[in-house]
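Have a look at the structure below before the remarks.
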Amino acid sequence: MPSYHNTDKTLLGDARQSLQQAVDYSLGCQQPDGHWVAPVMADATFTAQYVFFKHQIPELSLDEDGPEIQRWLLGEQTADGSWTLAPDLPGNLSTTVEAYLALRILGVPKSDQAMLRARDFVVRNGGVEGVRFFTRFFLATFGLVPWTAIPQMPAELILLPTFMFLNIYVLSSWARSTLIPILLVRHHEPVYALPNGQSANNNFLDELWCNPGEKNIPFALPLWDLLRRYQWIEFAFTLLDHILALFGGLRRWPCRHMALKRCTAWLLEHQEESGDWAGFFPPIHGSIWALLLDGFSFQSEVIRLGMEALERLVVIDPKGKWVQSTVSPCWDTALMANALCDAGMSGDTRLAKATQWLRDRQLMVSHGDWRNYANTQQAGGWSFQYFNSFYPDVDDTAVVIMTLIKEDPNCTNSDCVMNGVEWMLGMQSRDGGWGAFDVNNNARWLHKIPFSDMDSLVDPSTSDVTGRILECLGLLLSQRKSPLSPRWRHRLQASSAKAIAFLAKEQESSGAWWGRWGNNYHYGTANVLRGLAWFAQTDPSAQMMCMRTLSWIDETQNADGGWGETLASYVDKSLAGLGRSTAAHTAWALESLLRFRLPSDQAIERGVRWLIDNQQPNVDGYYYGTKWQAGAGQGASWRFDHAYVGTGFPSVLYLGYPYYHHLFPIQALSRYIDKASRQGIETLRIPSSSAVILDRPNVLLMAMGSRGDIQVFLNVTKRLSSCRVRIATHPAHQAKVEGHGFEFYDVGGSPEVFSAALANGHGILRSIIDGRFRELQHLLRSIYRSFWVAALDDVQSHSPLKPESSSRPFIADVVVSGPSTSVHVHAAERAQAPLVIISTQPAIITGDFQSPLTMSRAQFNPSRLWNRISFHMLAFFDWLSFGPSFNRMRANSYQLRSLDLAWALFEFVKVSVPHVCLWSTSLAPKPEDWDNNVIIAGYSSMSDDADDVASKSLQAFLETRQPVVAISFGSATIEDPMKLIKLMSAALVKVGASSVVCRSWDSSFEAEADLPSNVFLVDSIPHGWLLQHVEGFVHHGGAGHTAAGAKAGVSQLVMPQFLDQFFWATKVSEMGLGPTPLPLRELFLDELAPRMEDLLSSKYTKACTNMALQLRGDVDGADVAGDEILRQVEAITTCCIFPELSAHWYCTESDLSLSGAAAASLVSSKEIQWQDLELRPAKDWEQQWRTVRSSSNLVRIWRAIVQLLYGFTTTILALFGWLKGTHGYLDGDRHLIKMEDPLRQARLEQAQFDLHLIHQACDSGSSTSLDAKIIENWKARKAVVIHEVFDDDSGASESSRSSLDGGHADSVLDIEEK
């Protein structure tokens, strides 16, 4: 064995040495034809059933291999006498009974100490009476259990057509291939001889029974018990089984002969040329057995080939002779080659040999059971085994495709890869996930069938397989050396979106994902994170899922630095992620963390150290293929025999893959070395005076509405001290915005005009229909255009000679907006920036209530259908009014493609934009049909202005006049405010009360002398203070007023006028916080006085007090909103040279991310050219639109209907002159390609500004030195290419390749200031 001398004693140096030894071990295990394979370990049942079979068939004998099998079986017995399903699990009753019977057949006497211990274990655990169905089935074939104790399994099942809800193809592939031979065996009901003779009531195992006199144990509960427990499906299947038993199992039924012939034909059709059936022991063994019972000669070709396939599963090693459940050459080869690609071996001839071996095994065949229900008929998958053409494996196919691309990126568009991708996409289930072998195979009710006590009859979508496919799709979408066509990209993005939605539903409360095919939560979680990592930067929901998971991984790390998990976590969820450390679990956890954290993270370094310290050289021997090689091999690996980390069927069958403990650590070490090597390259720090200006992301806040609306946004922006915030709003709010220290941008318009246009009280839909909304259109169009200008400064007008923050060109990095600012998504899309919507009113489609903007009365509509339609109607009329303007704006100002009405109705609502709702769930809970991107954050705590102090006269009024009611209508427009005040005063006089009126809503009356004596008029007063001194609150139902009243615990009378005021009025009444709402348009003295009396009664006190207590326990919604905005900011990629700066550029050749300053320096130094750089979007909106665009026929029909309706409506409106020139945007589309990209030009100018600013902060010598250091750093980083980018000629990861030889020393270079 070669010696490995490590001169670098750092963790990185040790990791390089460990990786080199692991790679050497891998190459030493490679087969001459290029592939890898290792034995698939499992429990003793397969070996025991192999013994049963050889004992049953006269032509077979156990004389030669019996002693070695006996030695292996006895060696697997545990100290308590049992046999387990896996090394770290307690004994299993069924496995122990089967192993015991096999040993008795092999001649071990029942008086042997090992057998006595086994007997004691079985009896202690309920005896043979408690074994599972398949064990009972095998016992019946020896007369140890009567056949009447076995459920009926009529062969006629195979005759049921595929369109029926029950047929053989609704079963999983493994269940189907195992069940059909069982149908034949069940028909024949054989009874074979045992060493004590042949008998239908054999007492050979009586010592294992608790009550040997009663062996006809029912396989299901009595029918009456099932009825009492409301187990209807179990009842139906059990009743059917009883009926079938009455008719002798239909053995003499006219169709039985046809069914038996079809079973036999099916088996012959599904036998591979090699003799295999599904490459799995149960169908191979069962098919040979069934065909022999059906009359086939043992010397026949089909039986001979089948026996060869069966014997290929046998393994002989130092422990003895045993039988694998299956073989895994394609799986082992794909995973190993994939790992070696990550280790930098792409392009190596040995790896090329492996990938060629994989290409040769692609299943381009015309048969396969998957064809019955798949969404495609294009073949192209890969199987798990050597010979299994009927059941390609989705999981294997994904890994093979990734391996082929990593080894040679030029093959991305090859027929081999594209056929595989086509087949893989066709296997996606309706729920968005993937199963392993079948599509939409989720009929879990089949597990209620009496013979399904292993819960393995279906192959539903699982998180681990879906995560792997998502990883494959992400890799395909990232390719630049051989990029996919737009059509393929669209298909992959749409498929990925469905997969991400599926994974969001499957994530558990801990943040982890259940692992179906590997142990367990660590496996499932690692697979999912490997997939989500490709989409986390552009998909907020994917990012949120990932962030939730990382803390769970931290919490499950063991004290020794590794990770592990017991298989008992499949039974007991409290054990999820817990167990003795193993190499595989540690590697899975590290792979997950390394995709989101720096390699210097403490948890990562401890995990890497565990892998290094637990690596072992091969001294005693190793598996070369499935054969044991004695002596030392080359390299080193990790121990694999102490834990099974693969899963066949949870709680029933677990698998030990030796290479799992080897190849996954290779990937983890490779990723660590790659990231640590990149981190070790010197990083440059810009002068602090420049950093203050440049290291501040630009946040654009678009706001429309009243003073109260703006106050909410101001509360949020106070949490963004690390950002440069620009608030674009009406000129009326300029003083308030600038008074809080934020940049103001004037977009025009007036909240008073908006309020007046909608003050009719009939809702926004009625306003649009009646034409009253028309007067706002021109004003709003102007405002919307101004919002875009606010997002992108005219950079030509900025001079770097003024190094204050406000002089730097403003280009929005994040856009924040309320839902009413309809242009927000267009501006964010053009700026390639993420969007955060902050709302004080429900604006998302739901069936729980209608759109608040369409409500014209204080009452919720019970129709969920109408409620959803109301949101679509609002979107329809909104698009009718502004859609053409938006499209002209998109074409002429934004340089974006036109959109249609179907986009507004069906697509925008599906985009996963973070939507922060600033109200409390105590008042308005989150509807169940809202997605995870919607956050009900809680009310924002309004900060009262310091100059709003109560006067002494007001305080005296409050003390002397009891009870007092506060009255405020915000900034609403009231036609005759004095008349309203006098009306309210009269009502209050009737109930003996006074009022404090806040007149911020109207200043048209001045003379206080005209006011009634029971009215006190104030210009401005903090609601938080005032409401503590009054007994009731009358207001218009604005979100802020409703919140203030609820927080104060005071009863409220709401007088809604328009928009969402009716929604909050209804909520107040619904929650018992005040009287029935009284709309302003229905205000009469006779109605008002009783409401005032009701308001001042004590009937609402308890509900109001409880609500106030609940709200005090809520977090501040402004904090949640601020955190969400900062999360979007933090997600922006950082520059690889100046890590303090955001990277808005990337090099198309190397994918390295660059800040504007670094890019400008490299361009000025002629290292690169601007055409070598592309803008790196902080959010890829084009991908978002393609992802959400549904291709289902139903949605296509709806789109067509909507477009026809829209075309008809716009034509009619055009005839009346409403919409003039509304289709001019089509010319804009034609002109779009010719115009210069304004964003790119702005970023280019900004980059030059930033570099100039940094140069100004340096002295002349440092400025020259800075450019030289940038060039040096750039060249070093080009030699270290990130793992995910495989676009150099060989496809190799240079960082991994170089990591085996050496790396760069860590250093940080500070640029000297003047």
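Glycine too: its Cβ is placed from the backbone N, Cα and C atoms.
Annotated features in Swiss-Prot:
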- 1292-1302: compositional bias 'Low complexity' (COMPBIAS)
- 1-680: region 'Terpenne cyclase' (REGION)
- 1289-1314: region 'Disordered' (REGION)
- 19-62: repeat 'PFTB 1' (REPEAT)
- 260-300: repeat 'PFTB 3' (REPEAT)
- 417-458: repeat 'PFTB 4' (REPEAT)
- Trp331: site 'Transition state stabilizer' (SITE)
- Phe384: site 'Transition state stabilizer' (SITE)
- Trp517: site 'Transition state stabilizer' (SITE)
- 133-153: transmembrane segment (TRANSMEM)
- 155-175: transmembrane segment (TRANSMEM)
- 230-250: transmembrane segment (TRANSMEM)
- 1200-1220: transmembrane segment (TRANSMEM)
How many whole Å apart are the CA atoms of Trp331 (site 'Transition state stabilizer') and Phe384 (site 'Transition state stabilizer')? 5
Cα-to-Cα gap, Phe384 (site 'Transition state stabilizer') vs Trp517 (site 'Transition state stabilizer'), nearest whole Å: 13
Here are the recorded sites: Trp331, Phe384, Trp517. Which has the lowest count of other Cβ atoms within 10 Å? Trp517
Stretch-averaged pLDDT - the repeat 'PFTB 1' (19-62): 95
Run through the repeat 'PFTB 4' (417-458) and tell me, per DSSP, how many residues are helix, strand and coil. 15 helix, 2 strand, 25 coil
Reading the DSSP string in three states, the entry for Trp331 (site 'Transition state stabilizer') is helix
For the repeat 'PFTB 1' (19-62), jot down how many residues DSSP puts in helix, in strand and in coil. 23 helix, 1 strand, 20 coil
For the repeat 'PFTB 3' (260-300), what does DSSP give as the number of helix, strand and coil residues? 23 helix, 1 strand, 17 coil
